[in-house]
Amino acid sequence: MVKLIHTLADHSDDVNCCAFSFSLLATCSLDKTIRLYSLSDFTELPHSPLKFHTYAVHCCCFSPSGHILASCSTDGTTVLWNTENGQTLAVMEQPSGSPVRVCQFSPDSTCLASGAADGTVVLWNAQSYKLYRCGSVKDGSLVACAFSPDGSFFVTGSSCGDLTVWDDKMRCLHSEKAHDLGITCCNFSSQPVSGGEQGLQFFRLASCGQDCQVKIWVVSFTHIFARSSEGHLKQFTEDWSEEDVSTWLCAQGLKDLVGIFKMNNIDGKELLNLTKESLADDLKIESLGLRSKVLRKIEELRTRVKFLSSEIPDEFICPITRELMKDPVIASDGYSYEKEAMENWIRTKKRTSPMTNLVLPSVVLTPNRTLKMAINRWLETHQK
């Protein structure tokens, strides 16, 4: 049965988008406004309509909690609103100033993605309202966006029909021509696909386009997340696979133990639980010196895990490696980075900023001694 129960006719121009929270309905329009309605009786809230945008509003979406609403517009801004009182929480300007066509919250509400007409996509920190990372597609406007249910990656669709997969650090994992005449929408199923390779989680993605087709995709990048694009092991040791442990052994000069560890199926969790007794009795490592070296290296990992399990201040983490900085430097974009990582970035990325994707005015890197001192003080506190 299908039955019309209410019609809303408050907008004065085309309505571009609508979104539900657990208690509200939001709509946005070419008339530059966003309107909020109660789901109990479809009456408009007292603080509606929401007015800030100077041009058409293309998209609106609620945070998973429903307490925040995001809207984006031709005026090049993405605005965050408090749904309880209609107050503006933040105005986030697309770095290029291009019209913003789509916005979407991550499942945990920590990030917000915004896609623009010039193909730029920005990942914003939804708590600090600051730009986290920026990327772009080759052709077309970005008109669709969806996060995977676990939030580990998201997908954008363009008016040229390209479907692009990004990880949570804004690295492009995959891009291909999905529809001949442009993508209009894409979305993930909330349920993972069962079966497949052990330990690998698949998600179903649907994309639809102006070619009159709907395409269903199976997407998974679990193993890609095992390493960053710079080749580092993933940050959390307990998530290491057996192959990651083998790589770590080689890096520590313990290549001769790779076979023994593989034979005993030692992954990251098992590695952190190894003791001198298990090395001698279970793994049959006879050399006392070798056992001592392995234990020292494992203790270093345990210390690292302790640091990572603490809440490291975001300003102490390099935007490129997403790890605690040891030798922070300030680049000409005003952001601080790990020196070696930023030097490699400049050498391989043609002088663009990792944070804004814009050309760096200068490649000079200035030591950030104040930040380094703050990190050292934090380390001293957390080593106790």
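Just so it is clear, glycine is given a Cβ too, placed from its N, Cα and C backbone atoms.
What TrEMBL says about a protein is an automatic prediction, not a curated fact.
Positions annotated as domain 'SAM' by TrEMBL: 240-304. Taken from TrEMBL, the feature domain 'U-box' covers 311-384. The annotation repeat 'WD' is assigned in TrEMBL to 50-91, 93-134, 146-167.
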Checklist outcome for this item: Given the repeat 'WD' (93-134), its same-chain partners at Cβ distance under 8 Å and 6+ residues beyond its ends are 55, 58-65, 68, 70-78, 80, 140-147, 149-151, 154, 156, 158, 166, 168-170, 314, 319, 353-358
Item to check | Spatial neighbours of the repeat 'WD' (50-91) far in sequence, C-beta under 8 Å, 6+ residues away | outcome: 13, 16-24, 26-36, 97-105, 107-109, 112, 114, 116, 124, 126, 129
Checklist outcome for this item: What DSSP reports for the domain 'U-box' (311-384) is 27 helix, 12 strand, 35 coil
Item to check | Model confidence over the domain 'SAM' (240-304), averaged pLDDT | outcome: 87
